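Presented below is the structure to which this report refers.
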Amino acid sequence: MLLQESAGVWLALALVTALTPSPSMAVPWQDCTGAECPLLENCIEEALEPGACCATCVQQGCACEGYQYYDCVQGGFVDGRVPAGQSYFVDFGSTECSCPPGGGKISCQFMLCPELPPNCIEAVVVADSCPQCGQVGCVHSGRKYAAGHTVHLSSCRACHCPDAGGELICYQLPGCHGNFSDAEEGDSERQYEDPYSYDQEVAEAEATTAIVNEVQAGAEGPPAALGGGNLPPSSIRVTPWPVALPRPTAAAALGPPAPVQAKARRVTLDTEEDEEEEEEETLVTEPPTAGSPGRLDSLPTRSPARPGFPVQEKEAEAKAGPEENLIPDAQVTPRSVMQEGAAPLPRSGLAALSPSLATDSSSEDPVKPSDHPTLSTLPPDRAQVSPSPETPEEIPQHPQLLPRFRAEEDIDPNSVHSVPRGDLDGSTKDLIETCCAAGQQWAIDNDECQEIPENGAQSDICRIAQRQCCISYLKEKSCVAGVMGAKEGETCGAEDNDTCGVSLYKQCCDCCGLGLRVRAEGQSCESNPNLGYPCNHVMLSCCEGEEPLIVPEVRRPPEPEAAPRRVSEMEMASREALSLGTEAELPNSLPGDDQDECLMLPGELCQHLCINTVGSYRCACFPGFELQGDGRTCRPDRGAPQLDTARESAPRSESAQVSPNTIPLPVPQPNTCKDNGPCRQVCRVVGDTAMCSCFPGYAIMADGVSCEDQDECLMGTHDCSWKQFCVNTLGSFYCVNHTVLCAEGYILNAHRKCVDINECVTDLHTCTRAEHCVNTPGSFQCYKALTCEPGYVLTDGECTDVDECVTGTHNCQAGFSCQNTKGSFYCQARQRCMDGFLQDPEGNCVDINECTSLLEPCRSGFSCINTVGSYTCQRNPLVCGRGYHANEEGSECVDVNECETGVHRCGEGQLCYNLPGSYRCDCKPGFQRDAFGRTCIDVNECWVSPGRLCQHTCENTPGSYRCSCAAGFLLAADGKHCEDVNECETRRCSQECANIYGSYQCYCRQGYQLAEDGHTCTDIDECAQGAGILCTFRCVNVPGSYQCACPEQGYTMMANGRSCKDLDECALGTHNCSEAETCHNIQGSFRCLRFDCPPNYVRVSETKCERTTCQDITECQTSPARITHYQLNFQTGLLVPAHIFRIGPAPAFAGDTISLTITKGNEEGYFVTRRLNAYTGVVSLQRSVLEPRDFALDVEMKLWRQGSVTTFLAKMYIFFTTFAP
């Protein structure tokens, strides 16, 4: 019974292996093993549908690579991916980068600014962006009208601007019977303006005669548009010389004046061909505003009087278009109004102004000039003018219309003033140009743009142009100053007076410093568009060594007139001898192309003043004189007030003291300044003596009458800096920046030529006292002092013969001639003179001038020409004007081709074009005249149109420009755009290359990494980076990858290529165990075990033996009822303590108790038994096994159940190996 119960007890064994847990297996939706998914090209968003093995593309597009990523983020694509068909802008909106349809690579295209629509009247310009149209409307006669508005151009005329802009729609108001003529039409006879015509002429406000218009009897006062009341003739005063002007002690600036004097309107008196009587002129007066005396809003207008022209039509024209006469902010000199009974003004091209100050009988100080002249504004009486050829023409007693002026300015009576043309009938371009020049001049004079005076008559265009050009000039000026400061090593600090933030001094100084540093390091000068304008351009200019230049205003050629002006025969006759070609013959001439005849032939063309005009010149007279019929000479003005009478009634003042450069005439005469006396320029009466003086820039000559130019450059009275050289002109000078560097031993003269320095004269040599200095070109030489014999002199280190006959050191008597010899001379008797010669007192034969000694050597029509010993009679040649010469037959005058004969004065780099009687100098394409209009300078197109000519970098070249691209780009065929270079085609990368916009990126295949040079790929040692992670046994690195290896015996590589699988030699039959042995597989090997049952036991299974019989109870209790064999495999280094075997009865009953004992194999104490509870025990490892080792343990378990004891034996074979998969 006990045996049966014991036989029914089963042992439950458990192996504790915490190191190898069993993972839970997840069941997929679908088995996708071996499925191949297609490559999704240009896909930026994927999606995997339920049940599918491959993802599908939801959105195609372009991936932003490199620096493009930041542009994409700025453009709104935060993930760095641009959907197909969408784009973004970079470089301040000048370049559009887009992703093509279907995705791929991003391409960028430079965009030029679109043209504004023609009906745009207001452009909105955003910083670093293209201009956009802010408002549409209509432009009529230079004025802008908003769309949808209706305006009244006259009392009987209204015009409407359509909603879409375009042309004004005008109509006559019903019930109105006024003149319907277009009062807004421009003056068809408006003269051409030359912005660079720096001529010797007086200011327009002082050089033009007051123009008078006939007023018919019965007229009811002046037109309403002109203002003012009625003024009796007795209230009209005459001021012979303008009150606000200084005494005329200065001549006109004959040289190139300042840019403010670059524009002067010329007023010419045009006559109809069929009218022989002279024009009548009108003076219109508008009262000055309170608080600003002397400032009016109009200039005199001209209206020729024709028969049958009614007064009502003239008044209607004046009422309909008062704007025609307005010139905003005209900086001119006010004219005075004539007194009753005063002599009429002359009919010359210049005002008959007297160099005397105005007097007023009602003033306490009759000689003190008024700082702010006042005008009478009562309406004039009606008067009729009847010109007569025998008597001077009477001028109606009308008040003049005085233009605006600035009384505090010091105005030269003969200087060229800038009169901006505010004629609203002109084109918008002309208005912008003239107002822009006024804004630049305000910046030059005041160095600020906040206090520009505003005039109600000015249009918005003029105000905007003035302010923008003023600010632009100050910015360019401060930028140039910053560049110069950087080059001179100054600290780049902000300007203290920059309260408006328009100064670019610090920015340009800093940016120039960057360019200078790059240049000092010897690096190449490359543009960096990211610096922006103007920093990038200034940096590049300083790096390349270019000088900054404020580019003069670029002017377009004038459009030809609709029809040539008709000139009367009388006027043509007075001009024929002076003109070098009419303006009608120069339709293609540019401003500044005119040859200044007054400067070419000073003092030869006119008696007093020479005024240059486009293609010709004209003569004018000093105050108190009028031009005669020949157009050259001047005669005293019979109608002008006498100077002596005006001065006799006025006490002396300090201003009438004699200037230091005046010389009194030796013989004083009463009334000596009548008709300007003997003086060439200015005559003054001091006591009873006529004193002649000169204008500034001139000095009185020894004769006390004439004036000669003072060379300020030689006298050292100029104010040119050390960076400039002085160029003298008639009466003035100007400074020019140095652009020519002379070699050592040479110096730059006033003509900008390098001339030799005479070191011997300037004491710059190093010769000793015993040596003689001899100057050589660019240097000098020192020679030892020599002693020459009599008759010789030391010259250039050598003794040369002295010509006593030439030096006059001979002693030959009368009748003898001196003959020079080497070192001496001799006297030779003279011979008798032949016919035609006469012996002088010294015995020489001199020629007899028969042309002067004979009474009539030649008959009429021939000229006497003296010859040596005789004379000849020659027919008088044909007298031709300048620019013409007689032909070979002497029958007619033909044009001189100055361009072919080389007598022109065109500068280097200019083109000469022959004209009838003259020639013209033009600049080559890409060049323009400088601010003085004398030389051609290169146009820096890159500064004129920054950021619009080239996509990347604009480089200025002489006469043109060229575009260049940044690294990674090539210039396109159009020479402006830049195309990306595909660097991958040149195989710059060792493995994979990806081209990106403006650059490229090298990539490496899997298993390689990019080296520091960015081009080479090096192998990645995966085994060193992932030690112990990649492979379970050993990792072997190979090029581009790695391989896992297993021990040479006992293992094989698994399908994953990383893990090693133990070879079961027992299952494979590769063991060498005998038939009596049992093969047991262990990690990497096997063991041959022999399971034999002892006597009295029978084998019930391969590993179990049971006892058969038992002789007595004691034997049954001591001998095991069953012997079981167990094989256990463990890895060395197992953490201790570790339960390796659990034993107990199965099934267990209440009251069961067990005990465990290791009876064999634990001599070293590696193992220990322990009871977990009454019926369960474990075998534990208490010492760590560090080396491979085999143990054979006998573990005996005794079971107490219901008072009996049963023994069980467990034979355990424990194997510790070094590696386990």
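For all residues, glycine too, the Cβ spot is worked out from N, Cα and C.
Within the set C923, C950, C954, Swiss-Prot assigns C954 as the partner of C942, by disulphide bond.
Per Swiss-Prot, C436 makes its disulfide bond with C469 among C469, C470, C479. When the candidates C694, C720 are compared with Swiss-Prot, only one is recorded as disulfide-bonded to C707, and it is C694. Of the cysteines listed (C610, C619), Swiss-Prot assigns C610 as the disulfide partner of C598. Listed in Swiss-Prot as the disulfide partner of C1073, from the options C1060, C1088, C1093, is C1088. Every protein chain shown contributes to the tally, and the Cβ of C525 (disulfide bond) ends up with 15 other Cβ atoms within 10 Å. Proximity of distant same-chain residues to the domain 'EGF-like 4' (756-800), defined by a Cβ-Cβ separation under 8 Å and at least 6 residues beyond the stretch ends, is recorded for 743-747, 822-824. In this structure, of the disulfide-bonded residues C435, C683, C726, the smallest number of CB atoms within 10 A of the CB marks C726. Other Cβ atoms within 10 Å of the Cβ of C543 (disulfide bond) number 21 in total over all chains. Put plainly, the disulfide-bonded residues C508, C713, C1004 were compared by Cβ crowding within 10 Å, and the winner is C508. DSSP classifies C449 (disulfide bond) as coil under the three-state reduction.
The disulfide-bonded residues considered are C535, C1066; of these, C1066 has the fewest other C-beta atoms within 10 angstroms of its C-beta.
For the disulfide-bonded residues listed here (C462, C511, C984), the lowest count of other CB atoms within 10 A around the CB belongs to C984. When pLDDT is averaged over the domain 'EGF-like 4' (756-800), the result is 84. Spatially, by CA atoms, the disulfide-bonded residues C435, C462, C470, C508, C525 include one closest to C683 (disulfide bond), and that is C435. Checking Cα-Cα distances from C508 (disulfide bond) against the disulfide-bonded residues (C470, C535, C726, C1066) with a 10 Å cut-off leaves C535, in sequence order.
The secondary structure of C598 (disulfide bond), as reduced to three states from DSSP, is helical.
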